[in-house]
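K.L.:
Structure below; questions to follow.
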Amino acid sequence: MLFCPTCANLLVISAETGVNKWACNSCAYEFPITKQMTSRTRLKRKEIDDVLGGDEMWKHADQTQASCDKCNFNAAYFYQLQIRSADEPMTTCEQNYLLSSCAHQWREN
């Protein structure tokens, strides 16, 4: 994108007179295009943050007695999530469990 040096508006490509030129729609500024003008900028992608904490979260998780449907192991680690707005209390009925023996995850309401 190029901008007009006179009025700072965006320049557009115009070919009204048979010659390609940059022209300003607000003032009389024109700049003839005499050579090929290209530029390409590759944007760097952001790294994705694990909003739930990843594997580090499970190191400090609480433990409870719960039976797994897959392996019948009777202990599980859990964490609680803030699923509502910040001015409301944390919802304690939403708990995600991770079993230490089979790594099966489930959610209880």
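Positions of Cβ are set from backbone N, Cα and C atoms, glycine also.
Copying in the features that TrEMBL gives for the protein in this structure:
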- 4-27: zinc finger (ZN_FING)
- Cys4, Cys7, Cys24, Cys27: Zn(2+) 1 binding site (BINDING)
- 64-107: domain 'TFIIS-type' (DOMAIN)
- Cys68, Cys71, Cys102: Zn(2+) 2 binding site (BINDING)
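Help me understand the surroundings of these features in the structure.
P.N.:
Among residues of the same chain six or more beyond the zinc finger (4-27), those with a C-beta under 8 A of the stretch's C-beta atoms are 33.
Within the same chain, residues at least six positions away from Cys4 (Zn(2+) 1 binding site) with a Cβ under 8 Å of its Cβ are Leu10, Leu11, Cys24, Ser26, Cys27, Tyr29.
Cβ contacts within 10 Å of Cys102 (Zn(2+) 2 binding site), excluding its own Cβ and spanning all protein chains shown: 12.
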K.L.:
What does DSSP give as the helix, strand and coil breakdown of the zinc finger (4-27)?
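P.N.:
Once the DSSP states are binned, the zinc finger (4-27) shows 0 helix, 9 strand, 15 coil.
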K.L.:
Other residues near the Zn(2+) 1 site, CB within 8 A of the CB centroid of Cys4, Cys7, Cys24, Cys27?
P.N.:
Pro5, Thr6, Ala8, Asn9, Leu11, Asn25, Ser26, Ala28, Tyr29
